[in-house]
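Per Swiss-Prot, the feature region 'Disordered' maps to 1-63, 150-231, 801-896, 933-1091. The feature compositional bias 'Basic and acidic residues' is assigned by Swiss-Prot to 26-35, 196-207, 814-823, 865-874, 944-975, 1008-1019, 1031-1052. Here Swiss-Prot flags 230-258 as motif 'Q motif'. Here Swiss-Prot flags 261-433 as domain 'Helicase ATP-binding'. Residues or ranges marked as ATP binding site in Swiss-Prot: Ala274, Arg275, Thr276, Gly277, Ser278, Gly279, Lys280, Thr281. The domain 'Helicase C-terminal' annotation in Swiss-Prot covers 478-632 and is backed by sequence analysis. Here Swiss-Prot flags 824-855 as compositional bias 'Acidic residues'. What Swiss-Prot lists as compositional bias 'Basic residues' is 1020-1029.
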Amino acid sequence: MVKPNNVKIKNKGNLKKSNESQNDYMKGKKLETKSYQKALLSKNSNNNNDGAQAKRLKKKEEFKKKLEKRQNTIVIKDKLKEPSTFLKEDQSFFDQNIFNDQDDYKHQQMNRININENFETNLFGDMMNEFDGDLNEDLDLLDYNDEVIDNSNFDNNGDQFNSEDEEFYDDEKQAKKSNKNKNADADNKKSKKSNKKEEIESSEKFESFPMDENNEQEEETTSKKKKKTGGFQSMDLTKNLLKAILKKGFNVPTPIQRKSIPMILDGHDIVGMARTGSGKTGAFVIPMIQKLGDHSTTVGVRAVILSPTRELAIQTFKVVKDFSQGTQLRTILIVGGDSMEDQFTDLARNPDIIIATPGRLMHHLLETGMSLSKVQYIVFDEADRLFEMGFNEQLTEILSKLSENRQTLLFSATLPSLLVDFVRAGLNNPKLINLDTDTKISENLSLSFFTLRHEEKLGVLLFLLKDIIYKKPQLPTTETTTTTTTNNESNQQQQKKSSTIIFVSTKYHVEFIHILLERAGIASTYIHGYLDPVARKINLAKFRSHQVGVMVVTDLAARGIDIPLLDNVINFDFPPKEKIFIHRVGRVARAGRSGIAYSLVSPDEVPYMIDLHLYLGRKFLNKFQYEGQTINDPKYSFYGTIPQTIIDRETEFVNVQRKECIELLSLTKTIHNAHKKYLSTRPGASHESNRRAKLMDKSKYHPMLSDHLNSNDQIRNDFIQSLKSFRPPQTVLELDARKNNVQVSIMKDKRKVHTNVIESQQKKLYLQQSETNLGPENEEFDYSKLDTRKRLLQLTENITEEMLRSNKSNDNNDNNKDIKMNENDDENDDDDEEGENDDDEEEENEKDEDDEEDENKNKFNIKIESSDKNDNNKKKLKSRSSSRDPNFFISATPENLIQERAMSISNRFTKDDEVNLVADTDRKQKKSMVWDKRKGKFVSSQADADRKNSKKLVRNEAGKLVEAKKSHKGYEEWKKKTHGRIQRVGEDENSKYQPNQKEYLPQKWRGQGREKEKKDNKASHAKGSHGLKGRPSELKDKNQISKNRSEKERKMRVNKTKGNPKGSKSKSGGGGGGKGSKFGSGKSKGGKSRK
């Protein structure tokens, strides 16, 4: 084992005092002065009582005892002598034998040294703090002599001892203190010997202290528990990375981090489905830093993170900076809005990680010709938003410039079909991690559906918000003015507490409903796809801070924002797909909270509601089945109508607001047209759901409205529904009822024959309703009733066939026999129906009796059926799935297959994983889908775009399509200015090509105003330097240079005008003109001679 270096302890002041330290000497002096002053005061004050003096003396004695205790426990460094000459340099006082009596006196002081307290700098304190936690195994490198070191000094590192050991050491300390207090008044030599013996005994006890088997088992169990915790410590991360994670306060990884980080470290390509706020940023940042390690001197970017927006890129940049503390990794941010020159300098410094938006990164790749061939790790953060914002061309172009050995990670909340195609093309055998719980509705979520006409939706929406969600408290009506003010205040407070989001189909509905709610006194905000990003951010901040309780939104806008936990959701337009409904409702009833999802269902949307319940496996009722049942029952969802009086009241308010508000009046027609286009692009429901929707009873009130209804309202509704369902038996031919009318007599004879057929058909429909659990009574499906129902269906089918045959044949005798048979069968049918309506015990008895009769018939009366009944066999094949008895049937698939599939990791991307949200405008819908002649179906236009055309045109960070040509203007100017360049990939890092380190700039200096701020600061520094140094700055601004140029040009013009000859105006020649100009006149000798 390696021994520590020799520790030399010197006397700092070289004092000759052996038994007293400097601190003790100073304390003694202070005590002497205090005692002298008190003695003087006591002489002067002779009137003091004896009791006061006694108290003072007691206090003095107690204080002296405390000082003696401190002196016995604390040994100051001045007490230590200089090291003796006989000690070797390679030995320390830890290795000496203190059990020798001759060395007792020499090393008595040394044995009681507290290393961390006796010196100005802690010798081992810093080192011990570094080895906290799981790194205590490194302490084995240091070999200490256990006989000398007092183990109580290492109590700070409690992780390496058990709780029983700590109790043992505490007992030893208390024993030492008690012994020292007893021997405080004794001589110094005796006290020193006793303390030395106690220390030796404690050390011997510690050496001979055996570890019990129970303690060993406890240690094993605690170590196993630590390993099974599933924290970041079990992921084999580096020391600096683990310290940075724990420093941020992250102790336990989230589910997406727990499943994705080990797979990313293994090198798999991953598609992770998780919404914002689930910890997906840490899921790809932590393994990235683990894999990259430290800065590489060879030139080349090794990791790229692409974000859809500037704000998200800045957020990930901060996370990477926090997690990369302690490493020398170089991370840069490349987003739109910052200056290109500063980003050129960042790229020239050989960064390891680039966090960028696709538009600006593509601009740099075209400008500088930079290569990404060394990239090992690329992340597409919020991939569905990247494709929604139109970055498809940039992403495919960036992928084409990467190496094939890269690791690609893609994180998204949904998987549109366009994104699935991108995954199949760009990723290598990716693993799908789908931990999004949107595939499952919470048990605390209650579903309510209101069936109504489409024109009544606006009125019902106001009724839900005013009277159900934000219900005003009932107050006494003595003072009308006070009650109105208190109701408004309470309504606003409830809106702030509970948050509600309204989903609509188009952006025009968003604007219309927002204006209508504002005029109704309900504060709201709105977000749609065409809203400005700044306005979207402001509106979302209002909703998240609970300044506003209602937000109107479309599906696409809700996909791109981080919506907090909600209390209520209203589906104004029912979603055409089940997963879109689950996506909308996913924020409600989370984290143990309860919530309600309200849906306004028009008649054409009822089949979609049935498809949803088939997907969820829930039954839906229009009344309570038993007493005490509430709407919060997780097994059922409830539907029903709203009283017409309430609907009329609210729709009247809406009509009045349309007439008064010009904006609502102008948006009314646009809403109508937008809804028509939405219906044309909406996918259709299943045929079975359309058939079942016609059989539903949509006449009863919703069970939630029991508090808002009276008994008279229910009676009125029943009467109105009976009027609606009334169908007179007379036909058009029987309107003119006369005695000798032939038509009337024919219809009477026909009715006598076909009444039984009509009744049997009605019974058949009734049985189908009860079997599909959509009848008026909404009975639960019971497998014990299945046989009787089948018999009834077969009987009614036989009846109809026989009646039709009898009508074709005109034999009266056969008709009479058939009628008798039908009457007997009808009686049997009536008996069976009564049996169904009786109690379950009677039904079971009847079933047992019928089964016994059938068994007896099968035993003795064996018949061979003919193969003529093909129709009956076909019907039996169709209804084969409904004849399963759950007591005996064993399915090939497990019951929780859907849940396990939703929470599993797979390599396949099926249609079940895809979620294509409906666009909020017709223009987006037309752009997204194009007819493909070869495939014979509609295909996404962006996925089927030509690669050649996409390379020619690239969308820049401003959102405009620009030709993908290399323009080196900005880059060349930067190279001339800084005398640097971006090195090629694979070169060794060279500092001469890198520009000087840029100065730190705060966040407010980013963007366009940065250069202006720098110039203003330079000008202010120049003005200040003139007064200090006594001379002005020699640097000139652009304005000064242009001013000097204009002044110079003006002077040149003045000089030219002064040099023009005046004699040139005369008729004389050039020479005469010259002389004339000299003398200032046009007359000269030359001129005279020429005349």
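Placed from the backbone N, Cα and C atoms, the Cβ positions cover glycine too.
Where Swiss-Prot records a feature, it is marked here on the structure.
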| residue | record | contacts (Cβ under 8 Å, 6+ apart) |
| --- | --- | --- |
| Ser278 | ATP binding site | Thr254, Pro255, Ile256, Leu435 |
| Gly279 | ATP binding site | Pro253, Thr254, Ile256, Gln257 |
| Lys280 | ATP binding site | Ile256, Gly272, Ala274, Asp381, Phe411 |
| Thr281 | ATP binding site | Gln315, Thr316, Val319, Asp381 |
- Note on the structure: Neighbouring CB atoms within 10 angstroms of the CB of Ala274 (ATP binding site), all protein chains considered, total 22
- Item | DSSP-derived helix, strand and coil totals, residue by residue, for the motif 'Q motif' (230-258) | 17 helix, 0 strand, 12 coil
- Report the DSSP secondary-structure composition of the compositional bias 'Basic and acidic residues' (26-35) as helix, strand and coil residue counts. 10 helix, 0 strand, 0 coil
- Task: Helix, strand, coil: count each for the residues of the compositional bias 'Basic and acidic residues' (1031-1052), based on DSSP.
- Result: 15 helix, 0 strand, 7 coil
